[in-house]
């Protein structure tokens, strides 16, 4: 009970959500870098003669992502909302350019990469971020204008469909799923009609099945999932080796760096199937720690979204949180064999520069909203020192809605309509401005009506206040 009381007290403090999300980011990034070094050391040594060939670039991308994380927290909310359409248009242009032969590069069966100076960049990852921000800004504009938010469905749905078509042409199944997650999250947290949400969810599921069964490379994954023992050395080789690695780890694991799967038994051990290496080296306990970290991200992110007063921040934070957590759980699900292989990476843990930077930008959006909670703004306004205002600055208070100050001077108030036979009501201000009534003046002379008692008179005659008459 004491621990629960202390935890409740700490979480009710200002900036507690911001501290928690920053702490989770640091923990997951550090853990991811450690596992990338462990899972890629053998392959890196074979290809380049050093075990750090993949580790140092991943550290560089993590550093760039953390700098952008801080930048996203510091950027004004109105600036982010204002330029979200231009960011989305820029991403649409990149998605078109990557389809042109000679400009885009094809890797692992998907034409979704730009290669510049040996560095690969995937524009569809940036498109996810731009679509989430723009959709939240569109929903917020309808809510702030007191317009039915369901009228925004054609605009958001049409734009999402355009992005989805371009991603499908790239043959990128994983990004196709994430685009659908973003769209459904915006519908749910944007307070669209439940009937609309259910109908579009069912329609998206049917469309996904059609896409999965029409293309050869996608239908092969479905067949491999439905028949695990069909081709253990071909279609099911990767999934089978991942299960062997998880079984080999047991409860406590074989120890950090002691995995057998990374010795070229498990393809993409440092990327899509890094969770299998975690389960082998750290066991069931290590795997549960990863699940607990992303569960904490879900709880903290939705708590931040709930406490946000701006509809734009509310929808954007909830969408970013849902996207990160769903991507993590989909990766874990196909590694353990619950769903077909989709190619989605484990956020901040799998190797990949574009995924690392984009995910840190998503976390930056969540921290941006936590930094602008009303309690956090009040705390930062009164704080003069500390690492938070030093690194992240202070939110521009013009963004937050301050209470309007009372106008100076007298305010002429309109009197209320008086009913017949009813005394006019006066406001407290009018009562204070009402001049005091002068007190009645007292005469310095004695009251002549007052009787004077004389000697020999009867007391009973003076009690009525009248003077007795003399006898004649």
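Backbone N, Cα and C atoms are what each Cβ position is placed from, and that goes for glycine too.
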Transmembrane segment range according to TrEMBL, out of 106-125, 126-145:
126-145
Using Cβ atoms only, state whether the transmembrane segment (126-145) and the transmembrane segment (348-371) have three or more pairs under 8 Å that are 6 or more apart in sequence.
yes
Can we call the transmembrane segment (273-300) and the transmembrane segment (152-169) in contact, meaning three or more C-beta pairs below 8 angstroms at a sequence separation of 6+?
no
Could you pull out which residues elsewhere in the chain have a CB under 8 Å from any CB of the transmembrane segment (152-169), counting only those six or more residues past its ends?
88, 91-92, 95-96, 99, 112, 124, 127, 131, 134-135, 138-139, 142, 175-176, 179-180, 182-183, 186-187, 190, 192, 196, 200, 211
Among 54-73, 197-217, 348-371, stretch most in contact with the transmembrane segment (312-336) (C-beta, under 8 angstroms):
348-371
